[in-house]
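Structure record follows, encoded as structure tokens.
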Amino acid sequence: MSQTETRGSAVAQTTDTEQPPVDAPAGVPLDNRSGRFGDRLFSGISLAAGIVILVVLAGVAAFLIRDAIPAVVASPEELDRDTSFWGYVGPLVAGSVVASLIAILVATPVGVGIALFISHYAPKRLAQPLGYVIDLLAAIPSVVYGAWGALVFGAALVPGYAWLSEHLSFIPIFGPTHSTTGRTLLTAALVLAVMVLPIITSLCRELFLQTPKLHEEAALALGATRWEMIKAAVFPFARAGIVSAVMLGLGRALGETMAVALVLSPGPLTASLISTGNSTIPAEIALGFSEAFGIRRSELIAAGLVLFVITLVVNVLARLVVARYKDFSGAN
Amino acid sequence: MSKSIEAIDLDVYYGSFLAVEGVNIRIEPRTVTAFIGPSGCGKTTFLRTMNRMHEVLPNATVKGQLLLDAEDIYASGVDPVRVRSKVGMVFQRPNPFPTMSIRDNVLAGFRLNGIRMGKAQADEITERSLKGANLWNEVKDRLDKPGSGLSGGQQQRLCIARTIAVQPEVILMDEPCSALDPISTLAVEDLIGELKEHYTIVIVTHNMQQASRVSDKTAFFNIAGTGKPGKLIEFDYTDKIFSNPSVQSTEDYITGRFG
């Protein structure tokens, strides 16, 4: 490859010298060595950056696997509990996934709705400040969210939980009793929803604003209302991007530690979302890691590895979803 | 189907800027009318007022009347969405929905308006519209492929098929061939001749040969200078405009002695 390139440029140079002297400006030599050096430098830098990412990722994975193995293969006696590692991590996985899914289910429609409002409905004077306010939500540290969720938001939800447990307790998730502090998995999920909202909103807003005018007008000229135009032109254009935005949000929700650790008063797995109990992997690690050593530390790292794998699977699934629509993405 | 259009003292504004002033024109049903004139003279702006598309741009407004047969489309209470489903539009650059198949592009007008139909009916409409746009033979084997995979000329004919699928009264074309090669242009021009039997057609074009080839009547728009409003200078039979125009500036423009 590089050989043919050099040969090609050599030919180009000889023909250049054979040309009668052209009136090229004196300061611009025809052989562009310095430009080619810049090209090579830049491709080297970007290659190095790509390699560094892979090395870091591989390093993290190797560390997690090495330190996790002792706990994964250990017997219940070694772990000093009545189940194997999988029995320990299962409830945590369930808690993490359930909390994140609720957060995404709540945040996606709200986030997409706000983004649409900003991009296509709101008058310009309102749209911009609203956009800034949403972006500001992302600037609040998660420990503040945690404190707010535990002290204010959770307490405010208690009457709602009381109502749910009184009228809907036949559904297991609104279990027989309810927490009187409001520090439950559902509160944690709702706090997570607020936290991922700015991610989904700002990504979607940028996408919606980039919808080609041509396609919007095509829909309008066919007699579409604004909402029909959005369905025909804006959503299809943004579909892949919405999926990515939701996946980024899901990643954030799955990995969020501090807010959940503060909001949730952790306990064993229960079906009920509104009574005390349940925990998530990041919260479990954060609460236990500083006092853990030996096999217990290995156990927490193994839990981290499980989270790592879940996030990876989520991202691969997202890619597959996006790839399914590739032919129809408008990129061709 | 096919209605007349009449503009009475129509002014078009962008904010406080008067873009087109005092247009009076009557376009008969089942004719092709070409709008010609230099860039920025308001042809496209006026065309877009005829299906209320111009108000998609912020602060664009209209004064005066625009009658579709006898009905003023700017009367209060008229829904622009209904106007647009009666007055179809083909744009300068082909704009099939990239995420839809060829079939869905043709049926987009129905889907958008929430009209449900059986498969047989959908197939029939798809075939009729694509045949109407002289595209059927080229795409009948790949109706489920994306519309964006077609060539530019095919895409533009797909857009015409999409427009005629909903059987509008009037079809507006905004320089429909300016992004096409000569052969595709010829295909679209032939199509315009056929569509004339059923529809009222208004076409904006920068190509005067095209105007003389496809249109029955021609309207010449001009602008006195930058910042001045565009005006309708002359509207007459195409033969007359191109052989013996009654206004000097029309003659200057069509003979290329303009400016």
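Each residue, glycine too, has its Cβ placed from N, Cα and C.
What TrEMBL says about this protein:
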COMPBIAS  A:1-18  compositional bias 'Polar residues'
DOMAIN    A:93-318  domain 'ABC transmembrane type-1'
REGION    A:1-30  region 'Disordered'
TRANSMEM  A:41-65  transmembrane segment
TRANSMEM  A:85-118  transmembrane segment
TRANSMEM  A:130-163  transmembrane segment
TRANSMEM  A:183-204  transmembrane segment
TRANSMEM  A:300-322  transmembrane segment
- Note on the structure: Most Cβ pairs under 8 Å to the transmembrane segment (A:130-163), of A:41-65, A:85-118, A:183-204, A:300-322, goes to A:183-204
- Note on the structure: In the same chain, residues at least 6 away from the ends of the transmembrane segment (A:85-118) whose Cβ sits under 8 Å of its Cβ atoms read 71-72, 74, 76, 79, 127, 130-131, 134, 185-186, 188-190, 192-197, 199-205, 207-208, 230, 234, 242, 245-246, 249-250, 253-254, 260, 268-269, 273, 278-282, 284, 299, 302-303, 306-307, 310
- Contact set of the transmembrane segment (A:41-65) with the rest of its chain, CB cutoff 8 A exclusive, min separation 6+ beyond the ends, reads 301-302, 304-305, 308
